[in-house]
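Look at Swiss-Prot and you will find 12-50 tagged as repeat 'WD 1'. Sequence annotations record features per position, and here Swiss-Prot assigns repeat 'WD 2' to 55-94. Sequence annotations record features per position, and here Swiss-Prot assigns repeat 'WD 3' to 107-146. Residues annotated as repeat 'WD 4' in Swiss-Prot: 153-192. Marked as repeat 'WD 5' by Swiss-Prot: 197-238. Per Swiss-Prot, the feature repeat 'WD 6' maps to 250-288. Look at Swiss-Prot and you will find 298-333 tagged as repeat 'WD 7'.
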Amino acid sequence: MAGLKLLKSLALHDDKCWSVDVNNGGIMATGSTDRKIKLVDIRSFQIIEELDDTAHKKTVRSVAWRPHSNILAAGSFDSTVSIWGKDDDGYNDENDLETELLAIIEGHENEIKCVAWSHDGELLATCSRDKSVWIWEADEMGEEFECISVLQEHSQDVKHVIWHQSLPLLASSSYDDTVRIWKDCDDDWECCAVLNGHEGTVWSSDFEKSNSNVRLCSGSDDGTVRIWCLEDDNGEYEQEWIQESILPKAHTRAVYSVNWSPKGYIASTGSDGRLVIYKESEDGWIVECIHELTHGVYETNMVKWVEYGSKDVILLITAGDDGHVNVWKFDEN
């Protein structure tokens, strides 16, 4: 029977921890209501650096590493995005230079809820309470950003954005109970599909890490996790997506975060504090394991699989309202 083992509980923040991300060098970044961004070595669990908390006036809601780099984006409730970077030597014992603030991106009119890099690191997507998604083109150094598209078809607060790992597709999740799929159409980003079915805010979504299927999982205020599948892509402006399945009911309250692992597992967590692992079988999706009180009596805001290190060791990271980041080992057997 699969199970979860807590490897380390890191008391990193004085208030809610909202977001975590780990780069390919094993450096974890965290963002919090206390406005601080902390960098932690996932191997030693040691804090490497605390970034200047004067960069943001309010909550740091989302952090995301640019792929294959030492450049970090952080989105804040002060409606700005900060970009941080370190030289090519990266985070090692010999490099004692501080991470620099490279840029501040402005444009949104309200709280930023999520930031996400495209798989090639050329584009940064941001979403906000102002109901919009912005797409920015970044230079190689992470110092210059040009807005190339503003997407305004959601009718409410946009909670989350995520890019497909290889295709030019972006998914956005919203308080309007929908997920929208966007694609690059002749250098102009267009909404090619609206995924309807959830009966509450869609807090998070994630694409399957597969080269054969284009599928998306989503988690909602209605307590469900759903799977969506691309059925038809005419190559132009519209795509046909279907709701493939609703995963077995395992949450009693809102699902805040979902994440699809390279091995095919889906992890979800949320307001009830549960960490749930799902597995696809020949007969459909099953609940592989449930861990109660992931952060004690506090809500769990985010879950993320870690692709760093040995392929034989599967790690999960959760962030909670207690200000802690918990590192878990997932045992498939």
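The count begins at 1 with the first shown residue.
Cβ coordinates come from backbone N, Cα and C, glycine included.
Through the fold, the repeat 'WD 5' (197-238) approaches residues 159-160, 162-167, 169, 171, 173-175, 177-179, 181, 183, 185, 190, 244-247, 249-262, 264, 266, 268, 270, 276, 278, 285 of its own chain, all at least 6 residues removed from its boundaries and within a Cβ separation under 8 Å.
Among residues of the same chain six or more beyond the repeat 'WD 2' (55-94), those with a C-beta under 8 A of the stretch's C-beta atoms are 16, 18-25, 27, 29-33, 35-37, 39, 41, 48-49, 100-106, 108-117, 119-121, 124, 126, 128, 130, 138, 141-143, 145. Sequence-distant contacts of the repeat 'WD 6' (250-288) (same chain, six or more residues past either end, CB-CB distance under 8 Å): 2, 4, 200-201, 203-209, 217-225, 227, 294-305, 307, 314, 316, 318, 320, 328, 330.
Taking Cβ pairs closer than 8 Å, the repeat 'WD 1' (12-50) reaches residues 56-65, 67-70, 72, 74, 76, 84, 90-91, 98-99, 301-302, 304, 306-309, 315, 317, 319-325, 327 in its own chain, all 6 or more past its ends. Applying DSSP to the repeat 'WD 7' (298-333) sorts its residues as follows: 0 helix, 22 strand, 14 coil.
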